[in-house]
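Reading through the structure tokens given below for one structure.
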Amino acid sequence: MFQTLYSYFWWERLWLPENVTWADLEDRDGRVYAKASDLYITLPLAFLFLVVRHLFETYVATPLAGLLNVKEKIRLKATPNAVLEKFYAATTKHPKQADMEMLSKKSGCTVRQVERWFRRRRNQDRPSLLKKFREASWRFTFYLIAFIAGMAVIVDKPWFYDLREVWKGYPIQSMLPSQYWYYMIELSFYWSLLFSIASDVKRKDFKEQIIHHVATIILISFSWFANYIRAGTLIMALHDSSDYLLESAKMFNYAGWRNTCNNIFIVFAAVFIVTRLVILPFWIMHCTVVYPLDLYPAFFGYYFFNFMMAVLQSLHIFWAYLIIRMAQKFITGKARGGLGMARGSWSDRDETDNSEEEEEVAKNGPLSNGHPILNNNHRKTD
């Protein structure tokens, strides 16, 4: 049964055009072709990335945060309460009004005290500013290096200047060592992002991030299987061209450098819109949808690849809407509380308890429940 499924999965008509077989893509005469088995190395490389990331965040990002004066906001802790803690852990972190009234009776607290307890308890679980800075530093470093490396891989290739060259001789196109390592490193990195997403800072677009990572992994893997390598390298470099700008803006935001952050964000917004909403659909997707049909009839791989491209493009449109809204606020001076962003998203603004608890500071002085209160003059970072 396994052998039957294996045979159906690797049926040549799924992956290759008519009259082309896997035998045509066997290495010969010094020419090397992409093979599915090549991608096995990406899983151990992904775990190696996680190790390198830990070392980077510990020995590079953390000292850098100190140099940039990244400061934590002191948060009020929720008073220990077994009844509320049990409900928080087992039922929901966001109780409804009826739940709060019920918990008020069980815990002996007022409804307002229950509401405040849950708000403080949620804030205790929020990721620290240092954690956010370290994550942004790691992604900034990778995306910048990947973009430079990607441009070095493709800038001297004829298909970088003439997209019809992407399909010249397809699918009998041999692979260069630089293309091999570019693919392996990019795919390994996205595997590492998927592996670490549960422990990373959880943003409001958590589901969209998972869809993005899975779609990217499938797209990169499939383009390797079907020997869409030339198109794949163009797409990866195009995506990396704006990501490092986003992460650098986040770093400056966490460091409190508001003007620098906002200026970089405007540049990022312009690059993102040009690359993801203009170049990608009107040049790259036109290249993958229209040009191949001049050479061979459409097959499953053609439809599947372009379907996954459409999924990514849908996410780009969704994120572009958020970017434009944020950019308008920056330009008009209406942005408050810094930059709320995540990789490919702008939703890093977690729940905050500033308003009500700062009222308590004004009323009750510098201490409450034995814990330091937020300094009213502390800059907001979320």
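Cβ atoms are placed via backbone N, Cα and C, with glycine included.
TrEMBL annotations: computationally assigned, not manually curated.
Taken from TrEMBL as is:
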TRANSMEM  39-56  transmembrane segment
DNA_BIND  69-129  DNA-binding region
DOMAIN    131-332  domain 'TLC'
TRANSMEM  140-160  transmembrane segment
TRANSMEM  210-229  transmembrane segment
TRANSMEM  264-284  transmembrane segment
TRANSMEM  304-324  transmembrane segment
REGION    340-382  region 'Disordered'
COMPBIAS  350-360  compositional bias 'Acidic residues'
| query | Excluding the flanking five residues on each side, which residues at least 6 beyond the ends of the transmembrane segment (140-160) place their CB within less than 8 Å of a CB in that stretch? | reply | 56, 166, 168, 176, 178-179, 182, 185-186, 189, 230, 233-234, 236-237, 240-241, 243-244, 247-248, 250-251
| query | Under DSSP, the DNA-binding region (69-129) has how many residues in helix, strand and coil? | reply | 36 helix, 0 strand, 25 coil
| Over the DNA-binding region (69-129), what does the predicted model average in pLDDT? | 83
